[in-house]
């Protein structure tokens with residue numbers, strides 16, 4: 001009888017020990033769904049200089065899994081943001097504090113390595129996480145699927161989830177230096193800086209004990225596509241930061257200060273895009289494997305975690321629709337189509353907002369430069385409402401209890417937005433156009449001074 005039960009056990013093979021991959025492993029573990037994680041690297045949590053922002057839409061899912069408290073202990077809530085411009089003008093906003101008050105989850109930043117450590121250390125059965133296994137082949141076998149690794153190992157299951165990122169013909173218009181620095185006098189924990197330059201931006205988050213997480217995004221000379229996108233070395237990161245060392249990002253803090261105090265830094269090309277195909281037979285992809293975005297709005301990891309919540313919920317529902325038999329390939333395909341139908345538009349909306357954010361922050365046109373400098377601070381209410389409305393529509397795992405914080409947060413009046421990112425910004429652009437209509441000379445003057 002035990003052998004019969006084992007024969008009918010549905011198994012998920014997760015390719016990639018990423019944040020998305022390990023979060024899915026935790027979700028499946030909570031549902032008692034058999035699974036393994038195959039990771040190509042020798043260790044799950046290497047220090048690569050990257051960091052992530054955790055927003056309420058990602059935090060609520062990690063909280064459902066019992067992981068958020070460990071993460072929160074390593075962070076300082078962001079409560080205030082400062083924005084600065086090339087002409088030394090600046091202003092501040094308490095939008096992060098408002099988000100914290102609304103959702104009971106703050107915006108926080110921490111090392112990607114630390115997030116992976118928390119996910120790994122809190123995972124209940126580490127024998128399910130297999131490292132040093134680079135996938136070389138995927139086989140579809142009709143009633144099952146197999147993953148073959150470079151050393152000849154074969155792992156057989158019923159569903160393969162790609163959570164390790166892929167290289168494909170996505171566009172590359174920006175390069176980014178990610179860095180983590182020691183405390184810098186003048187940068188206070190719980191604050192965050194956006195410096196909008198011409199064709200570049202510098203964004204910092206100041207975490208627990210003064211640890212500074214930062215990135216510099218530089219617009220490239222042209223649009224590239226993989227595999228022709230530039231590749232960068234540590235020397236390239238040093239060269240870019242050296243050229244920008246005197247750029248003042250806030251008060252008397254410069255890019256040079258970030259670089260001199262760095263603990264680790266790396267440089268990479270930023271791929272942007274969202275795929276139309278999310279699954280094939282028994283194979284499905286999520287997170288960075290299906291949508292890639294710039295870090296400007298801090299939603300890359302959070303969007304991946306939402307993918308996990310929806311996919312795990314659907315897998316669990318499908319399996320329990322018939323407890324005696326494994327789901328057929330047809331059932332699996334139907335489930336994966338539903339996964340895409342539920343996640344495609346939200347992910348696309350986030351991708352579009354991220355894409356716009358990169359171009360807005362780097363002032364890649366004179367109109368964006370003018371709106372950022374002269375209009376942006378006066379439409380804070382619009383930005384706040386749009387942000388809260390978007391976050392309030394975040395997905396959760398449907399077979400786990402909703403966190404208590406969600407029930408006490410004041411977000412019930414906000415429903416998932418049906419508007420596109422372009423429509424969400426209509427008021428911003430209308431305000432800007434009105435400015436030029438009332439002051440016709442302003443457009444030509446600013447165009448000549450900014451260009």
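Positions of Cβ are set from backbone N, Cα and C atoms, glycine also.
Annotated active site per Swiss-Prot: 196, in sequence order. What Swiss-Prot records for 39, 53, 112, 288, 301 is FAD binding site. Sequence annotations record features per position, and here Swiss-Prot assigns N-linked glycosylation site to 385 based on sequence analysis. Positions annotated as transmembrane segment by Swiss-Prot, on the basis of sequence analysis: 426-446.
Mapped onto this structure are the features recorded in Swiss-Prot.
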residue	record	DSSP (3 states)
39	FAD binding site	coil
53	FAD binding site	strand
112	FAD binding site	helix
196	active site	strand
288	FAD binding site	helix
301	FAD binding site	helix
385	N-linked glycosylation site	helix
Between residue 385 (N-linked glycosylation site) and residue 301 (FAD binding site), the C-alpha gap once rounded to whole angstrom: 22
Nearest recorded site to residue 196 (active site) by CA-CA distance, among binding-site residues 39, 53, 112, 288, 301: 53
Max CA-CA distance, Å, over listed FAD-binding residues 39, 53, 112, 288, 301: 23
Cβ packing number for residue 39 (FAD binding site), 10 Å threshold: 24
